[in-house]
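Only one structure is covered here, and it is reproduced in the block below.
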């Protein structure tokens, strides 16, 4: 058993023809679609040319008929096809035929196929040849994300016996296929890094350890790193981080990770600067306002925002984005104890705003407020901030759709990009009248309202108070989407999902390209 998590992503290669040798143990993943005949539903192979001969396609389709396959979405079948040099064929259903395929449909299909591979270590696929934008990258992302596993804390008795997916060969004739495939692999590997961090239990991942891992990851790609310990935080006036963390014997940290990408730009003076902020509550009991015991173990995921930000900024460095990206990551453990903050306490946030703590379980916004003010001191053009902020997010949008709040135009831009990459963020309003619900009789603000309703929006309004007026800002609330408590689906496993890593990185790419 190892206690150092780290999913080892498979290698990725691109080929323009079906390999003829050395693939006897590999599985060929082939997409199939429904025939559309209601009285006699069936499945036919999609995206076969130029990789499969007509007689091979006929052989696969005959096998599908024998299994009564319909080509429905997520339907998989394993076939022996003697005319091929591979060990077996795995077909994955896409549903009804389309002229062009949405990238996330292919990403999900690849993920479904990867989860059905069992002990197979090498795959070849024709999925990437389907028509549509971003299909090659999506294929690789789906295969890697779908094959993700986390077994660092399992003994030999329960650990997987196989090595997992180790090699992916993408069949694709596009000129930029290799570039697109490697891009998809890099993105998926970053998501896996975020998943690893979130899945690590709080016994092994506390503020100092999370800071250490963030530092190690960041230095490996050349980022500048600053780790601020509890003494320095207190001296500098980070009242939110200190207040939340003071109940734990494991003190808080704040980490700054800096990618100086403007020097890679054609015109460095015009390169944009983006601030990232992610909530790093390594475990959240709720503090004195303690949570119910039944689902408290899921609060190992309360640093999902921090994990995504760490993964995103390291990916920006790895892929050499020509913009400056500065991540500010506050880290604390929210515990009840004789030294914990109490409901009714008043703390002074970094920057001087005073906050009455009416509920110690609304702690994320307190550490985020400190980090936001610090991030805005760098005078960024944009601020993207993410956290498992509110249970109200799941009430409003469910467990798969992040809520996106912030400056209207930038909020909509982030939400649109999130939908394009398949993380499906949805824009939410921040009505000005909700600020009245945050009035305090003893401080500048209260950390919660006295109302039952609009909890996500109230939290967003609270955070907005700490954002500089000159900064375009978006907050992504991933309270539900960051951690899947149900069954695996598509390329999403049970447990940590890595959301919203892909959204944030795609926004960075968009800013690098379009300003």
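The backbone N, Cα and C atoms fix where each Cβ goes, and this holds for glycine too.
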* Asked: Which of 302, 324, 345 shares the Mn(2+) 2 site with 279, 284, 363 per Swiss-Prot?
  -> 302
* Asked: When neighbour density is defined as the number of other C-beta atoms within 10 angstroms of a residue's C-beta, which of the recorded positions 279, 291, 365 has the lowest density?
  -> 291
* DSSP-derived structure type at residue 284 (Mn(2+) 2 binding site), helix or strand or else coil -> strand
* Asked: If you count the C-beta atoms lying within 10 Å of each candidate's C-beta, which of the binding-site residues 284, 302, 361, 363 ends up with the smallest number?
  -> 361
* To do: List the Cα distance (Å, whole number) between residue 365 (active site) and residue 284 (Mn(2+) 2 binding site).
  => 13
* Asked: Where residue 291 (active site) and residue 284 (Mn(2+) 2 binding site) are concerned, what is their Cα separation in Å, rounded?
  -> 8
